Amino acid sequence: MTSPLIEAQDLRVDLDGRNVLHGVSLAVAPGEIITIVGPNGSGKSSLLRALVGAIPPARGKVVRTPGLRIGYVPQKLSIDPTLPLTVNRFLSLPHRIPPARAAEALEQAGATGLGARQMTQLSGGQFQRVLLARALLGTPQVLMLDEATQGLDQPGAAAFYHRIEEIRRTLGCAIVMVSHDLHVVMAASDRVVCVNGHVCCEGTPEIVASAPEYQALFGTGTKGTLALYRHEHSHHHHHDHPHDHAHDHVPAAAEKTH
Amino acid sequence: MLDDFLVRAALAGLGVAVAAAPLGVFVVWRRMSYFGEATAHAAVLGVALALGFSLPMMPAILIVALVMARLVSQLAGRGHAMDTLLGVAAHSSLAAGLVAVALLPEVRLDPMGYLFGDILAVTRGDLAVIWGGAALVLALVCWRWQALLTATLSPDLAYASGLDPRREDLILTLSLAIVVAVAIKVVGVLLIGAMLVIPAAAARPLVRTPEAMALGAGLVGAVAALGGLGGAFVLDTPTGPTIVCAAALIFAVTLTLSRLRRG
């Protein structure tokens, strides 16, 4: 077994003196897709930020492989309108990159041709893809996404996650995402970690979806969609075609909305 | 050439423009204009300390400004209401400084010189301090430019890139204290904040990158310093306020231009 890229050991996180997470142990192996789910205020974003290194642990520790390259897509990034910033200039932070490299990353993230635009003039979806492009620049070993599909409609979110799977295939990086789009995300995950102040349950999407802890938090509302998803999944039954899964999934997701 | 007080005044004004520009853009982007005010106002306390204990003026101002800037940013980091806190700090430090100066028995000091600056009385020694300080601020900000920008966008992004945004905050705090010490003689404590914010704001509508905005702010500051100096000479008005008025005029012009261009 390969050693983990990042490992949280008995992690406790406090924010403004308030405990938000305790007793969390989690290891991220190379190449795996982990989704962290949990209700609002469950500490799932804090867990991601602690893994990134943005919050110091109150207890326990976070061990990162030395020299680990992290690509981080934050939950939100508000750019003050007084800050003039083109997409290309944004991609050159904190390390300057040649224009060709920027164009390549934009293409990879599905934001081709946006390089000369001002960051503040991008739509929500374009902004997310530019954030993703920036995260991809350092050829990350692990990509961390915090509610990356916020503000996207469900087909948009599905397309985004499809892109993430494609990136995992081409770069071979591990992916850790926080999300509330349970059904769409879980379809794409190797492992789901359900968090509510601590790790309630974890495992494959199927295992977590049927776990009583998970159902206590989210009810059985998503069960129908998941059943549908599992149905689709078993029909295809080859894991190397996440593209089809993502597309198959869109109608299911749309049905769920009413 | 340096014997002429007008030449010295012009050089001093240019020095302040150069020192204020690279910091002023961050003050605007990070919405910390009141932070600059609080630090500048605390400088009067530094003046009082220097006079009261016969300390050299510049180091005293620098240290008090540094302590004030550190204190305010620390308190803000602990979740106090930033706006209120800065209001309290800015005004009470100014008041305390003025009271302290008045209480000094053997000093007959007109505080107006420190409140509004006295650019026409700039000495060669002052010039050395101003340009030395400007060079230091320029060097600091250029050295940390990429990291400062990243931390300004988002501390989390900085952490993820292996940077420590708290260190970048410290660089800004230090630069701010230097600018205050440098600018006090030229525009005075009451208007230092204006020299930070107005040139940067005036450059904003004309530029598309952060670097262009910093350069533009330097240019606007320089034009305002020279124009204000000339204006004060012609109109026989106080120099510091005239420089700030010139900067405000440029701001109004660039703002109008950008509105017209956008239609």
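Each residue, glycine too, has its Cβ placed from N, Cα and C.
Curation plays no part in TrEMBL annotations; they are all automatic predictions.
On a predicted model such as this, the values are computed, not experimentally measured, just so you know.
Here's what TrEMBL has on this protein:
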TRANSMEM  B:6-29  transmembrane segment
TRANSMEM  B:41-72  transmembrane segment
TRANSMEM  B:84-104  transmembrane segment
TRANSMEM  B:125-146  transmembrane segment
TRANSMEM  B:170-200  transmembrane segment
TRANSMEM  B:212-235  transmembrane segment
TRANSMEM  B:241-260  transmembrane segment
Can you name the far-off residues of the same chain, 6+ from the ends of the transmembrane segment (B:241-260), with a Cβ under 8 Å from a Cβ of it?
13, 116, 119, 186-187, 191, 194-195, 198-199, 201-206, 220-221, 223-225, 227-229, 231-232, 235
Among B:6-29, B:41-72, B:84-104, B:125-146, B:170-200, point out the range having the most Cβ pairs under 8 angstroms from the transmembrane segment (B:212-235).
B:6-29
Could you pull out which residues elsewhere in the chain have a CB under 8 Å from any CB of the transmembrane segment (B:6-29), counting only those six or more residues past its ends?
35-36, 119-120, 122-124, 126-127, 130-131, 133-134, 137-138, 141-142, 148, 152, 172, 175-176, 178-179, 182-183, 185-187, 192, 195-197, 199-201, 203-204, 210, 213-215, 217-218, 220-222, 224-226, 228-229, 233, 239, 243
Pairs of Cβ atoms less than 8 Å apart decide it: which stretch in B:41-72, B:84-104, B:125-146 has the most with the transmembrane segment (B:170-200)?
B:41-72
Same chain, outside the transmembrane segment (B:41-72) by at least 6, Cβ under 8 Å from its Cβ: which residues?
35, 85-86, 89-91, 93-94, 96-98, 100-101, 104, 107, 109, 111, 114-115, 129, 173-174, 176-178, 180-181, 184, 189-190, 192
